[in-house]
Amino acid sequence: MASLYQRFTGKINTSRSFPAPPEASHLLGGQGPEEDGGAGAKPLGPRAQAAAPRERGGGGGGAGGRPRFQYQARSDGDEEDELVGSNPPQRNWKGIAIALLVILVICSLIVTSVILLTPAEDNSLSQKKKVTVEDLFSEDFKIHDPEAKWISDTEFIYREQKGTVRLWNVETNTSTVLIEGKKIESLRAIRYEISPDREYALFSYNVEPIYQHSYTGYYVLSKIPHGDPQSLDPPEVSNAKLQYAGWGPKGQQLIFIFENNIYYCAHVGKQAIRVVSTGKEGVIYNGLSDWLYEEEILKTHIAHWWSPDGTRLAYAAINDSRVPIMELPTYTGSIYPTVKPYHYPKAGSENPSISLHVIGLNGPTHDLEMMPPDDPRMREYYITMVKWATSTKVAVTWLNRAQNVSILTLCDATTGVCTKKHEDESEAWLHRQNEEPVFSKDGRKFFFIRAIPQGGRGKFYHITVSSSQPNSSNDNIQSITSGDWDVTKILAYDEKGNKIYFLSTEDLPRRRQLYSANTVGNFNRQCLSCDLVENCTYFSASFSHSMDFFLLKCEGPGVPMVTVHNTTDKKKMFDLETNEHVKKAINDRQMPKVEYRDIEIDDYNLPMQILKPATFTDTTHYPLLLVVDGTPGSQSVAEKFEVSWETVMVSSHGAVVVKCDGRGSGFQGTKLLHEVRRRLGLLEEKDQMEAVRTMLKEQYIDRTRVAVFGKDYGGYLSTYILPAKGENQGQTFTCGSALSPITDFKLYASAFSERYLGLHGLDNRAYEMTKVAHRVSALEEQQFLIIHPTADEKIHFQHTAELITQLIRGKANYSLQIYPDESHYFTSSSLKQHLYRSIINFFVECFRIQDKLLTVTAKEDEEED
């Protein structure tokens, strides 16, 4: 028998060739009525097609395993034999009439029953459109976030859909225009910010991304509402592209950063002065993060913090001079490729050094360094959190390089002396080290989140209050909350009402509800958001300065919306944003049905999210796509609104998509979280495979069409999982894809790899065991698509190059899709569309492979006959 398909290694698809739209596909395991040769022919699934007898030596068989019909012709002589010598029987016309009448009655009853019992949505579904890639980028599906921000006890600033910026007073229920949308449009501004005194607006335009959060751009100032724009520049340069600019907490004071130096302006119109001048481009960063701090530690590009009264500025000084340099090549646009060098610490290499400084802004500039803890475990450290407690006290969290010891200190901004307030230690790693404490006005009491033992499931994250007593060096510490659930964020402290407001998973791990708790007495809790907004269980919130009002942002599962509430009775005052245009678009589409399920495994649960087609039936066979993320501490199963390429796979191509949170995931206790320590991939594979096995037990899943996809760390997992064997040691997955996969953790960022695998160089066994090179030798049969931008600054193309070397040695069947000179985050909308089409088309073709194999087999059998 001839080969069913030609295996290949090293097939490289350029951006022109891969996403060519596939032919009309039928992923549901059967042919549509327009293809099967007759209006009444019943569609066959892949199994039925494989089992159906094939016609031998005759014509009429269609491609793709169509059902074939054999006709036996009768000769004229046969007709004569039937006609000659036959006597017509006597017919009972009365009986025939009665029988016909009964048949008509029965048929009418059947038709009536079908009409009555058919759900109304089935009729409406046929009128709805399927979700397409174009929809993902259309205005109809674009969620508008008003970016509402409280600026007083009763006022907040927000932006309308058309771009106009308004000030809303909840007490008088009136609004004032601050910036017309047309003005923002005329300036081509990407971002805006209003000064604290509401006199000026700061705009940025011609913004150029650097990494995930950082960018450079031009800035202008404009008097509200109709002033002419004034360029914001350092005294020595005109028309300068700045790395950052932003207002302070008072009046019109602002700072901006140029060439890693900090400039301060007391008010608009006054010349800026350089207050920090030790910066060196690409090497010494003042007030800004380098790559490692932006991506893995602070998770923002901003590394400076104003005191509440605006008299001081704390800033981080990050020195990359000893950090090895990575070079990102640029292949297009010039005859010879060029490179962009930047400092990137990999596992075991030199890390950036960091120090925290405070400068006074009133009078002569005085720079004072805050002293790190005098602890031998802190020989190398990260600064993970900075928060002002008062105008002279600043809280700092110091984390050792191994990331298993952290110390929270309160530093005196006038002396630089730091006092230890809390210490945490773990045998594994310390999670959630960016959490900001919330302080009382005098700074003597503060609330922070720490992990507290809660029984067999390990520790959960809860609110603790620390109170310092006058004339005493000891602090009184009490836990405000407890239970086998997590506080995810502290929002506000109402000192007058003795209440703390926070978000938690107490309802369910996949939800985020808004709660309050008393800070005195028995710490009673109350859910403020439960059953408050229809079809909303995942919230974030912000409170007015007086705590009398709050903005409630619904993030799912329904279409996101923002409402304004009174804190006293939770009563909704008005809707700020409902995204009606998105609701209409959703109602006009065949959106996936979302189901949640828990699998019980030994002593833990495995939460699953299942996306099914809107037209789902138990009798149809659907392909299964497993989507993995699984970065330790993350969560894939959450009740958040999302329309993604996975939605397109379900809606337009009839796939079932499943996600799950196994060992290593967050919000289920530290025991489950820390189980993956020093063995990344091993336990995640077992849990993800358990989810797949559970789905394969369902009669509606086609066992011959199962795929896996992941990006970043999920790309590592999808590559790790793809060769996994199922029952009887057979292949589970037909195909798989990885986007920017991590393939060797010693090539990845130091802070990430060392957090989970330990310090490289001391014991490298964990690094060797987690290499995917050990797994790819089994990838001879499955289709494997690797996608990687060549200028990926987070997960270098080096990872994919190493992987491909192993794939070639293993004679694996793979395809490679590259994006020349594109960064990790795909800032271009057109490239994102191309990316999504590439992924979707790959899986569509993969899920059609069984039909192709059946067709080839049928043709070969016919040739043999």
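Including glycine, each Cβ sits where the backbone N, Cα and C put it.
For 1-88, the entry in Swiss-Prot reads region 'Disordered'.
Look at Swiss-Prot and you will find 1-95 tagged as topological domain 'Cytoplasmic'.
Sequence-remote contacts of a segment are chain residues at least 6 beyond its ends whose Cβ falls under 8 Å from one of its Cβ atoms, and the transmembrane segment (96-116) has none. Residues annotated as transmembrane segment in Swiss-Prot, with sequence analysis given as evidence: 96-116.
Per Swiss-Prot, the feature topological domain 'Extracellular' maps to 117-865; the stated evidence is sequence analysis.
According to Swiss-Prot, the feature N-linked glycosylation site maps to Asn173 (among others). According to DSSP, Asn173 (N-linked glycosylation site) is assigned to coil rather than to any helix or strand. Counting every protein chain shown, the number of other Cβ atoms lying within 10 Å of the Cβ of Asn173 (N-linked glycosylation site) is 10.
Taken from Swiss-Prot, the feature N-linked glycosylation site applies to Asn319 (among others). Taking Cβ-Cβ distances under 8 Å and a sequence separation of 6 or more, the neighbours of Asn319 (N-linked glycosylation site) in its chain are Val283, Ile284, Pro352, Ser353, Ile354.
Within the same chain, residues at least 6 positions away in sequence whose Cβ sits under 8 Å from that of Asn404 (N-linked glycosylation site) are Glu425, Ser426, Glu427, Ala428, Trp429, Leu430. Asn404 (N-linked glycosylation site) carries neither a helix nor a strand DSSP state and counts as coil. Feature annotation from Swiss-Prot assigns N-linked glycosylation site to Asn404 (among others).
Per Swiss-Prot, the feature disulfide bond maps to Cys411-Cys418 (among others). For Cys411 (disulfide bond), the number of other Cβ atoms no farther than 10 Å from its own Cβ, over all displayed protein chains, is 25. Secondary structure from DSSP puts Cys411 (disulfide bond) in a beta strand.
Sequence annotations record features per position, and here Swiss-Prot assigns N-linked glycosylation site to Asn471 (among others) based on sequence analysis.
The Cβ of Cys530 (disulfide bond) has 16 other Cβ atoms within 10 Å, all protein chains considered. The disulfide bond feature in Swiss-Prot is assigned to Cys527-Cys530 (among others); the stated evidence is experimental evidence.
As annotated by Swiss-Prot, N-linked glycosylation site applies to Asn535 (among others), with the evidence given as experimental evidence. Residue environment of Asn535 (N-linked glycosylation site) contains 12 other Cβ atoms, counted within 10 Å of its Cβ in all protein chains.
Summarising the annotation, Swiss-Prot assigns disulfide bond to Cys536-Cys554 (among others) and lists experimental evidence as the type of evidence. For Cys536 (disulfide bond), other Cβ atoms within 10 Å of its Cβ number 24. Look at Cys536 (disulfide bond): DSSP puts it in a strand.
In the structure as shown, the Cβ atom of Asn566 (N-linked glycosylation site) sits within 10 Å of 13 other Cβ atoms. Under the heading N-linked glycosylation site, Swiss-Prot lists Asn566 (among others), citing experimental evidence as support.
The disulfide bond annotation in Swiss-Prot covers Cys735-Cys846 (among others) and is backed by experimental evidence. Neighbours of Cys846 (disulfide bond), defined as other CB atoms within 10 A of its CB across all chains, total 23. Cys846 (disulfide bond) falls within a helix when secondary structure is assigned with DSSP.
According to its DSSP assignment, Asn813 (N-linked glycosylation site) is coil. The number of other Cβ atoms within 10 Å of the Cβ belonging to Asn813 (N-linked glycosylation site), over all protein chains shown, comes to 19. Marked as N-linked glycosylation site by Swiss-Prot: Asn813 (among others).
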Sort Cys530 (disulfide bond) into helix, strand or coil using the DSSP assignment. coil
Residue among recorded positions Asn173, Asn566, Cys846 with Cα closest to the Cα of Cys411 (disulfide bond): Asn566
Using C-alpha atoms only, work out the spacing between Asn813 (N-linked glycosylation site) and Cys735 (disulfide bond) and round it to an integer in Å. 10
Tell me, which recorded positions from Cys418, Cys554, Asn566, Cys735, Cys846 are within 10 Å of Asn535 (N-linked glycosylation site) if we use the C-alpha atoms? Cys554
Would you say which of the disulfide-bonded residues Cys418, Cys527, Cys554, Cys735 has the most Cβ atoms within 10 Å of its own Cβ? Cys554
Nearest to Cys530 (disulfide bond) by Cα, among Cys536, Cys554, Asn566, Cys846 (recorded positions)? Cys536
Between the Cα atoms of Cys554 (disulfide bond) and Cys527 (disulfide bond), what distance do you get, rounded to the nearest Å? 15
Do me a favour and check the Cα-Cα span between Cys527 (disulfide bond) and Cys418 (disulfide bond); whole Å is fine. 37
Considering only the recorded positions Cys418, Cys536, Asn566, Cys846, which residue has the minimal Cα-Cα separation from Asn173 (N-linked glycosylation site)? Asn566
Which of the recorded positions Cys418, Cys536, Asn566 has its Cα closest in space to the Cα of Cys735 (disulfide bond)? Cys536
